[in-house]
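These features come from TrEMBL:
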DOMAIN    62-222  domain 'Glycosyltransferase RgtA/B/C/D-like'
TRANSMEM  83-103  transmembrane segment
TRANSMEM  163-194  transmembrane segment
TRANSMEM  206-224  transmembrane segment
TRANSMEM  256-278  transmembrane segment
TRANSMEM  290-307  transmembrane segment
TRANSMEM  319-335  transmembrane segment
TRANSMEM  342-363  transmembrane segment
TRANSMEM  369-390  transmembrane segment
TRANSMEM  397-417  transmembrane segment
Amino acid sequence: MLLQKPQQILILILLSSLLFTAGISKIDIYSLDEVKNVEAAREMIVNNDLIVPKFNGNLRTDKPPLHYYFMILSFKLFGVSPFSARLFSSLMGLFTILIVYFFTAKNINEKIGFFSGILLLSSLHFNIQMHMAVPDPYLIFILTFAGFSFYEFYENKNKLHWWLFYILIGFGILAKGPIAIVLSGFSIFLYLIMKNEFTIKTINRINPLGIFISIGIAFPWFYLVHKATNGEYTEAFFFKHNMGRFSKTMEGHGGIFLLTLVFVILGLIPFFFFLFDVKKIKKLINKNTFYLYSLCFALAVIIFFMISSTKLPNYTVPAYPWLFILLTGLVFKVSKKKRKKYLIAILIFSLLLPIGITVGLNNDKTISHLYYLGFIFFILTIGAVTALVYRTTYIKWLHVIIASWILIALLFFHIIYPKIDSYNPISMTKDVFNDKETVVGYQKFNPAFVFEFKREIPVLKTIEELELFIKNHPEGGKVITRVKKENMTDFQRIGLKEVIQAKDIFENPTTLILEF
């Protein structure tokens with residue numbers, strides 16, 4: 001029996017709150033993206049400057065300011081910590097789940113709306129994204145809300161949502177830049193083409209001049225940061241971090257166009273297999289334009305990033321809310337015969353995944369002793385077997401699959417990842433530092449140390465600069481760098497002594513701490 005609407009909302013709020021806040025205070029601000037975003041927000045407070053973002057005292061041109069402002073608010077309320085840095089990302093996840101429910105329930109039905117939210121909650125990749133102190137959770141919520149608003153305006157003739165659409169795009173620009181315009185515009189274009197409604201009359205009705213509302217919201221900050229940095233931010237952000245990422249591979253994150261599909265498949269596991277039922281997809285989109293719109297929005301995101309030269313797993317996450325709406329419709333339409341095939345596929349994947357994770361953990365020397373954590377993922381195997389047994393029982397098989405993946409997500413954030421994270425170079429080396437002692441970085445070093453110490457770390461580029469620095473600081477101190485064979489002789493020559501080494505988890509660089 002389907003739950004009543006208030007019960008559905010309460011369950012979605014409770015599950016979202018449990019999942020998206022799970023472990024957010026236990027995991028260090030360590031990953032490169034999180035560190036630079038969180039530290040930039042902290043430095044805005046220290047510098048009393050809400051316009052110019054900086055990391056380690058240097059201009060940071062990667063992102064606009066929306067997420068910085070939310071982090072600053074959280075820091076003011078709860079202090080500077082991993083919890084406060086990630087809190088609003090978690091809330092963006094909660095809000096995304098709720099709007100998926102409300103708009104899908106309105107345009108399809110409450111059952112599809114409720115399970116669209118639940119299936120989205122069962123995506124481990126979506127959960128990971130909503131745990132991160134980066135701009136993406138904000139962009140995902142804004143783009144999803146903007147997409148729903150356009151549909152309400154266009155199909156349901158709600159003029160208020162025309163205004164809301166363009167206002168949200170303005171905040172999307174402040175979240176991550178012009179990509180908010182590009183992805184929304186591309187999805188609308190695909191939808192109108194698919195409906196054979198891309199006409200002058202339709203364009204006039206949409207009134208694209210509303211984009212000036214969006215620009216009006218975003219322009220003041222971009223103007224102020226342009227003026228404050230003499231155009232340096234503008235040039236780097238728009239030409240390097242936007243056009244540059246699209247036209248060429250940046251920071252080694254490239255790959256063939258199929259890599260984007262791999263990211264999407266992993267994000268939709270375990271329900272991806274249901275997308276193979278092309279006939280059912282056609283029936284759904286012919287029956288209800290909301291399914292067609294969801295497909296078009298998802299395709300717009302996927303196609304754009306397939307073409308883009310720079311590829312990262314987080315780029316395609318804005319497609320997930322739309323894909324899970326479509327997947328939910330498919331799950332409830334699949335025949336018992338096909339259901340068995342899909343559940344067997346899920347079982348095979350659920351058997352291979354824990355084996356792969358166990359092998360992966362065992363192959364990393366730093367955390368090889370934690371290989372047993374991979375065994376926890378056999379919960380998914382048990383869930384898949386149980387679902388296969390109950391495959392003929394209406395809805396029970398789905399409940400089991402969802403429950404097993406939600407349980408894994410909770411265990412991942414509360415137990416598995418905190419255990420692994422405790423062996424990151426920051427955790428492994430922070431005890432060797434004394435409070436307020438002199439610390440300097442040499443060439444490349446792990447940027448997470450900047451946030452750990454909550455202060456700027458001078459960075460020296462040459463061995464001559466380092467030698468002079470040591471002479472000018474007879475009180476002694478520490479040098480943070482990375483292990484490079486060609487540097488070791490120079491370090492010994494200028495009197496540096498090795499204190500500790502700590503390898504990055506799942507990556508090649510090894511942090512080296514020296515003292516003088």
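Just so it is clear, glycine is given a Cβ too, placed from its N, Cα and C backbone atoms.
Within the chain, the transmembrane segment (206-224) has long-range Cβ neighbours (under 8 A, six or more residues past its boundaries) at 51, 64-65, 154, 162-163, 165-167, 169-174, 180-181, 188, 234.
Below 8 angstroms of C-beta separation, residues 269-270, 273-274, 334, 370-378, 380-381, 383-385, 387-388, 391, 397, 401, 420, 506 of the same chain, each at least six residues beyond the ends of the transmembrane segment (342-363), sit close to that stretch. Counted over residue pairs 6 or more apart, the CB atoms of the transmembrane segment (256-278) and the transmembrane segment (83-103) come under 8 Å in fewer than three pairs, which marks the two as apart. When each of 163-194, 290-307, 319-335 is scored by its Cβ pairs under 8 Å to the transmembrane segment (83-103), the top-ranked stretch turns out to be 319-335.
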